[in-house]
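Chemist: Attaching a single structure in structure tokens format; questions to follow.
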Amino acid sequence: MLDLSLIMLGAGNSTRFGLQSKKQWLRTGDDPLWLYATKNISSNYLFKDVIVVSNECEYMRKFSSHFKFIKGGETRQDSLRNAISNINSEFVMVSDIARADIPKELITKLIESAHNADCIVPALKISDSVIYQNEYINRDELKLIQTPQLSRTNMLKKALKTDNIFTDDSSAIKAIGGTVWYIEGDERAKKLTYKDDLKRLNLNSPSNDIFCGNGFDVHAFKEGDFITLCGVKIPYSKAFIAHSDGDVALHALCDALLGAASAPDIGELYPDNDSKFKDIDSKILLQNSVNLIRSIGFDIINADITIIAQSPKISPYKDAMAKIVADILGIPLHKVNIKATTTEHLGFIGRNEGIAANAIVNLKYFNWRNVL
């Protein structure tokens, strides 16, 4: 049996993909694509180690305890270098999470060919005519290189000890004099690069699950002349004691969004001991939170916010608040509700020592089929 480990690369930003969600976070059923792709390959062989490379490692750990997670780098090569330093098996198979439909037959052919060269590479023949700088070139001399590629670990480690940039493992190994063996590739292993590529993948639609999140925040008062709630400045004889602008309503909303997605909370993402968040406009924090949950495959359904304050009166500002929130969340105005209540002069809120807010949000998976 081959002493073999698996590395799945998925630290890219999906800049060419053209959808709100990173491709690795598109859902097929309840699984994000990175998990689906990793399980698809790892189920076909008893790999010594399975390493997933990502920029969302802590979040990914919630989805599986069977894999190791390594932080990605600036480039594919940096990410691979980070991962392979944790590999001690004789051979390593490297694939891209963007190749989600790798067939079992291709994995088998790679493993059977492992001893033929330093790197085993699936490649497709080109059937169309090819032109380069207005000159037709012989397509029979060209190949489309795919992953996964299977390499001798020591050779790949050696090949990565360079500042030269390579787009795949085989070219790096070839550059140091290593040998490469080509096997027949598979159309099903083509890379998911643009959103239209989704049409050829045999993937289930996202599940119809709904995810509810709840957020709560409170801030005490100090002397001042206004407070900010849901992005609206309200004239008042006090101000919030806070590291940011103290917008309790938007802070609660941020936590509700993050909680529904089971993501890190507002204190972890925007700590109050970080100077870059000093006096920050909380609308920026909310926009960052929205961008995050969308990038990991969620859509926002609705938001319901309750502001708990003895004073000032909130009613005159509710419409302006709702519009700001709806614009940032990217949902219709009728799906945002702002409410206000008092504590009937009870407790610290009743004594006008501060204000609290509670927010509830519902999310669903981004349905990529609707944009094809």
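Glycine is treated like the rest: Cβ placed from N, Cα and C.
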Chemist: Among His115, His251, find me the residue Swiss-Prot lists at the same divalent metal cation site as Asp217, His219.
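Modeler: Record check against Swiss-Prot: divalent metal cation site with Asp217, His219, extra candidate from His115, His251 is His251.
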Chemist: So which of the recorded positions is most packed in, judged by how many other Cβ atoms lie within 10 Å of its Cβ, out of Lys191, His219, His243, Arg351?
Modeler: His219
Chemist: Along the region '2-C-methyl-D-erythritol 2,4-cyclodiphosphate synthase' (211-372), what average pLDDT does this model show?
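Modeler: Looking only at the region '2-C-methyl-D-erythritol 2,4-cyclodiphosphate synthase' (211-372), pLDDT averages out to 96.
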Chemist: Can you count the other CB atoms that lie within 10 A of the CB of His251 (divalent metal cation binding site)?
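Modeler: Looking across every protein chain shown, the total is 26.
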Chemist: Within a 10 Å radius of its Cβ, which of these recorded sites (Arg16, Lys23, Arg139) has the fewest neighbouring Cβ atoms?
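Modeler: Looking at the recorded sites Arg16, Lys23, Arg139, the Cβ with the fewest others within 10 Å is that of Arg16.
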Chemist: Cα-Cα, whole number of Å: Arg351 (4-CDP-2-C-methyl-D-erythritol 2-phosphate binding site) versus His219 (divalent metal cation binding site)?
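Modeler: Just about 13 Å between their Cα atoms.
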Chemist: Highest CB neighbour count within 10 A among the binding-site residues Asp217, Asp274?
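Modeler: Of Asp217, Asp274, the one with the most crowded Cβ is Asp217.
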Chemist: Tell me, by DSSP, whether His219 (divalent metal cation binding site) is helix, strand or coil?
Modeler: strand
